[in-house]
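A quick write-up on the structure given underneath.
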Amino acid sequence: MTILFLTMVISYFGCMKAAPMKEANVRGQGSLAYPGVRTHGTLESVNGPKAGSRGLTSLADTFEHVIEELLDEDQKVRPSEENNKDADLYTSRVMLSSQVPLEPPLLFLLEEYKNYLDAANMSMRVRRHSDPARRGELSVCDSISEWVTAADKKTAVDMSGGTVTVLEKVPVSKGQLKQYFYETKCNPMGYTKEGCRGIDKRHWNSQCRTTQSYVRALTMDSKKRIGWRFIRIDTSCVCTLTIKRGR
């Protein structure tokens, strides 16, 4: 299914070549621009403000259509809510590839590009003040995200609570591809390992904890049965609070 997603999106990317977006630049945490395009200027500097506006509209419509298609496919592979209430925890964090992916999952990139479009429609002054770095915004918990393989995970817990073996390679028509999982967890070397940032320690006990969600992966159970199952992987770092008593 992942290969189908990538094929579909690549076809959409080919349609974007006619859009007049040749250069773009956004202040903030790096260039959140159209994936795969280097950015060195502004849309206004290419063909004027009106041409830039037309380019943004064209690309926004195209990316919106891509996202809708991906969400439609995502709904098809999810199990019914009647069978499992945790189905809404499914995220597209799995990729089949012959080498380590160099970018976050596609939906993460599309979300970044949507944020870029929103920022591009702002005035320079509003854009500057909306930059989280300028406002002094910090995450409550420090986290890290990285691609891991089945060799790193080895086993996982499925939706029935059983332990399954995560297969490192998936057979395809032209050979085998490795399974990669995009995991997000609390940063053990971060500044929030002793507690959440911004919490009043006089009244609250706080702790940053890694939480998990379900993704679909090729696995083998204890009876040597191989199949696609939903397994738990690390997907976020959240802050948990307990009130201090006896004060």
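Cβ coordinates come from backbone N, Cα and C, glycine included.
According to Swiss-Prot, the feature signal peptide maps to 1-18, an assignment based on sequence analysis.
If you look up Swiss-Prot, you'll see Asn121 marked as N-linked glycosylation site, on the strength of sequence analysis.
Taking Cβ-Cβ distances under 8 Å and a sequence gap of 6 or more within the same chain, the neighbours of Cys141 (disulfide bond) are Cys186, Gly190, Thr192, Cys196, Arg197, Cys208, Cys237, Val238, Cys239. Annotation source Swiss-Prot lists disulfide bond at Cys141-Cys208 (among others).
Positions annotated as disulfide bond by Swiss-Prot, on the basis of similarity to another entry: Cys186-Cys237 (among others). In the structure as shown, the Cβ atom of Cys237 (disulfide bond) sits within 10 Å of 23 other Cβ atoms.
Residues or ranges marked as disulfide bond in Swiss-Prot: Cys196-Cys239 (among others).
Around the Cβ of Cys196 (disulfide bond), a 10 Å sphere holds 22 further Cβ atoms from the protein chains shown. When Cβ neighbours within 10 Å are tallied across all protein chains shown, the highest count among the disulfide-bonded residues Cys186, Cys208, Cys239 belongs to Cys208.
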